[in-house]
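Okay, structure first, notes after.
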């Protein structure tokens with residue numbers, strides 16, 4: 001019985017943690033999903049963004065008490081503007097998506113929403129972490145050795 005409880009806890013922790021991509025695995029996935037050069041944004045910049053926003057973790061969330069919104073997933077897409085979590089006051093849901101969809105191991109929907117974000121005038125500058133850690137920097141290290 002004790003073994004079953006421990007096994008259950010291990011499986012639950014794996015389910016809660018979600019998928020944490022290896023760097024090159026994510027680079028290949030983003031390239032396959034059309035992110036390299038999308039709206040003039042290099043794959044290395046997308047990788048830098050994902051590193052600093054979520055550390056490549058699909059289940060990352062971050063609550064923002066100021067506007068009562070939450071950032072979701074590998075790109076930390078915000079519930080005030082881009083997705084619907086059913087809790088954020090005045091949410092826009094410009095991606096027309098449930099925020100929970102941004103937490104899936106399959107990042108296809110997260111990529112589609114990130115593409116929607118960068119179509120707005122701010123572009124990739126909508127992400128604070130990108131401005132702080134990636135903008136005007138050599139970001140080639142994020143794809144180095146990945147063959148992409």
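Cβ coordinates are placed from backbone N, Cα and C, and glycine is handled just like the others.
What Swiss-Prot records for 1-18 is signal peptide.
For 19-148, the entry in Swiss-Prot reads domain 'C-type lysozyme'. The predicted model assigns the domain 'C-type lysozyme' (19-148) a mean pLDDT of 97.
The DSSP secondary structure for residue 24 (disulfide bond) is helix. Its own atom aside, the Cβ of residue 24 (disulfide bond) has 16 Cβ atoms within 10 angstroms in the protein chains shown. What Swiss-Prot records for 24-146 (among others) is disulfide bond.
Reduced to three states, the DSSP call for residue 48 (disulfide bond) is helix. Per Swiss-Prot, the feature disulfide bond maps to 48-134 (among others); the stated evidence is sequence analysis.
What Swiss-Prot records for 53 (among others) is active site. All protein chains included, residue 53 (active site) registers 22 other Cβ atoms within 10 Å of its own Cβ.
DSSP gives residue 71 (active site) a strand state. Taken from Swiss-Prot, the feature active site covers 71 (among others), and the record attributes it to sequence analysis.
The disulfide bond annotation in Swiss-Prot covers 83-99 (among others). Using a 10 Å Cβ-Cβ cutoff, residue 99 (disulfide bond) registers 26 neighbours.
A simple way to gauge crowding: the CB of residue 95 (disulfide bond) has 22 other CB atoms within 10 angstroms, across all the protein chains here. Residues annotated as disulfide bond in Swiss-Prot, with sequence analysis given as evidence: 95-113 (among others).
All chains included, 17 other C-beta atoms sit within 10 angstroms of the C-beta of residue 146 (disulfide bond). Put simply, 113 is the one of the recorded positions 53, 113, 134, 146 whose Cα lies nearest to the Cα of residue 83 (disulfide bond).
With a cut-off of 8 Å between CB atoms and residues at least 6 apart in sequence, the same chain places 53, 60, 61, 62, 64, 77, 78, 79 near residue 71 (active site), listed in sequence order. Nearest to residue 48 (disulfide bond) in space, judged by Cα atoms and limited to the disulfide-bonded residues 24, 95, 99, is 24.
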